[in-house]
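Once you've had a glance at the structure underneath, I'll fire off some questions.
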Amino acid sequence: MRKPTALIILDGFGLREETYGNAVAQAKKPNFDGYWNKFPHTTLTACGEAVGLPEGQMGNSEVGHLNIGAGRIVYQSLTRVNVAIREGEFDKNETFQSAIKSVKEKGTALHLFGLLSDGGVHSHMNHMFALLRLAAKEGVEKVYIHAFLDGRDVGPKTAQSYIDATNEVMKETGVGQFATISGRYYSMDRDKRWDRVEKCYRAMVNGEGPTYKSAEECVEDSYANGIYDEFVLPSVIVNEDNTPVATINDDDAVIFYNFRPDRAIQIARVFTNEDFREFDRGEKVPHIPEFVCMTHFSETVDGYVAFKPMNLDNTLGEVVAQAGLKQLRIAETEKYPHVTFFFSGGREAEFPGEERILINSPKVATYDLKPEMSIYEVTDALVNEIENDKHDVIILNFANCDMVGHSGMMEPTIKAVEATDECLGKVVEAILAKDGVALITADHGNADEELTSEGEPMTAHTTNPVPFIVTKNDVELREGGILGDIAPTMLTLLGVEQPKEMTGKTIIK
């Protein structure tokens, strides 16, 4: 008889003391409450930096399953760069250092370009400020900024505040000048509208386009003509004698500080592809030996990468497979990619000894119409698998609290919680009957907050903690755990050694 170790993820099941608008608290859930009272339990943080997101940002299913399966904090790009700056690793980055060394040796210029805002979707201006401070520290004299104005991830007329903030940092560091200004409509096209990108390229390389004495003047003039941040024409900042402050020339270096690839690829290709054919770049095609991209943009961009992709080796699924154990991943359609692709660290293929069961989600317009979704079918299939002694490790996702929770409707969400509790009982009893152990948790909150304080539907995820129960009375659990600690805890229970790549810490004392 196999003694299964099962991870039961109650998707969207957060914990909050306040009962108002809280479907989790208002639902009748004798099984969950019984396990909470009977077995060792604690709560885990499932949002913000604990899961690799910016501080205070709610978690989501993709990030949650990625962290749980990886057994470590998987930093998203924005947070990864923020942490590198905070911990002093940013300045030591070899790719940045190589670009700086190149321009110092050749007496050439360093150009910084990217989206100038604090939107945090494609870029963050703090990353550019860190580059200005690094250039100043390393004694780079010629530093030029090619600012892409936002107006989309932030307010439509906010550019001036970001220009002011940049001026402050340039004043503080003694380095940097604005060279070109352009709305993201031109510089960050992703739909192969190359005529837009060409305008931006010609401003940066040839100094072609409307000219202004300052970035402020450019923005003021655009506003006067009814053109706001996103759509500002690629413009050139000029000196008193009307010559461009800077153009991009041979042997200059570029650091493109956008971290999200999709809208960075086209403009990067113009500068890095020797055989670029989308438009005629003209006589002057600067040779840039050091073109640095903040993250990996695309195979089509021939640049250096400052923050290389994180390879998630030795995820829980891989370690379990290497130990020769049989594992099952089971969910209904809505959460199937989460227990497979995301849980395996972005890997589609199954590991040796891995089996997958997909139960179709019901075909309804919205899940509040059928709060139980396909949970009974998922449960029946799983209980059958457990009774047949087929698997050592089980990864199960119950989707209801999240998918129905997104409706912001109390009654259906309470029903979803109650159906989840009923099926949780069936699964846990089947596991205990085999002398197995269940770990009951969630990837983030949702059903725990269905109404705003004004009584409006609250459809988003929450930042509340999630439960963690181990159905085994001879263990003690510590406080302060995170989702990345679950896999190490499972390995402890399985008696399998934790690999060094898994930096999470077991929750068992």
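Cβ coordinates are placed from backbone N, Cα and C, and glycine is handled just like the others.
Note that the structure is predicted; figures quoted are calculated from it, not measured.
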From the candidates His111, His122, His124, give the one listed by Swiss-Prot for the same substrate site as Arg152, Asp153, Arg184, Arg190, Arg260, Pro261, Asp262, Arg263, Lys335.
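Record check against Swiss-Prot: substrate site with Arg152, Asp153, Arg184, Arg190, Arg260, Pro261, Asp262, Arg263, Lys335, extra candidate from His111, His122, His124 is His122.
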Please state which member of Asp11, Asp389, Asp392, Asp485 Swiss-Prot lists alongside Ser61, Asp443, His444 for binding Mn(2+) 2.
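Answer, per Swiss-Prot (Mn(2+) 2 site with Ser61, Asp443, His444), from Asp11, Asp389, Asp392, Asp485: Asp11.
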From His391, His461, grab the residue that Swiss-Prot records in the same Mn(2+) 1 site as Asp402, His406.
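The candidate from His391, His461 that Swiss-Prot ties to Mn(2+) 1 along with Asp402, His406 is His461.
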For His461 (Mn(2+) 1 binding site), find which of the binding-site residues His122, Asp153, Arg190, Arg263, His444 come within 10 Å, Cα to Cα.
His444
Just give me the nearest neighbour of Ser61 (active site, phosphoserine intermediate) among the binding-site residues Asp11, Arg190, Arg263, Cα to Cα.
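Closest by Cα distance to Ser61 (active site, phosphoserine intermediate) among the binding-site residues Asp11, Arg190, Arg263: Asp11.
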Within 8 Å of the centroid of the Cβ atoms of Asp402, His406, His461, which other residues of that chain place their own Cβ, given that this set defines the recorded Mn(2+) 1 site?
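For the Mn(2+) 1 site, the extra neighbours are Asp11, Gly12, Ser61, Cys401, Met403, Gly405, His444, Asn446, Ala447, Thr459, Ala460.
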With the Mn(2+) 2 site defined by Asp11, Ser61, Asp443, His444, which remaining residues of that chain have Cβ atoms positioned within 8 Å of the Cβ centroid?
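Output for this site, in sequence order: Ile9, Gly12, Ala46, Gly59, Asn60, Gly64, His65, His338, Asp402, Ala442, Asn446, His461.
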By a simple count, how many Cβ atoms lie within 10 Å of the Cβ of Asp402 (Mn(2+) 1 binding site), its own Cβ left out?
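Result for Asp402 (Mn(2+) 1 binding site): 31 neighbouring Cβ atoms inside 10 Å.
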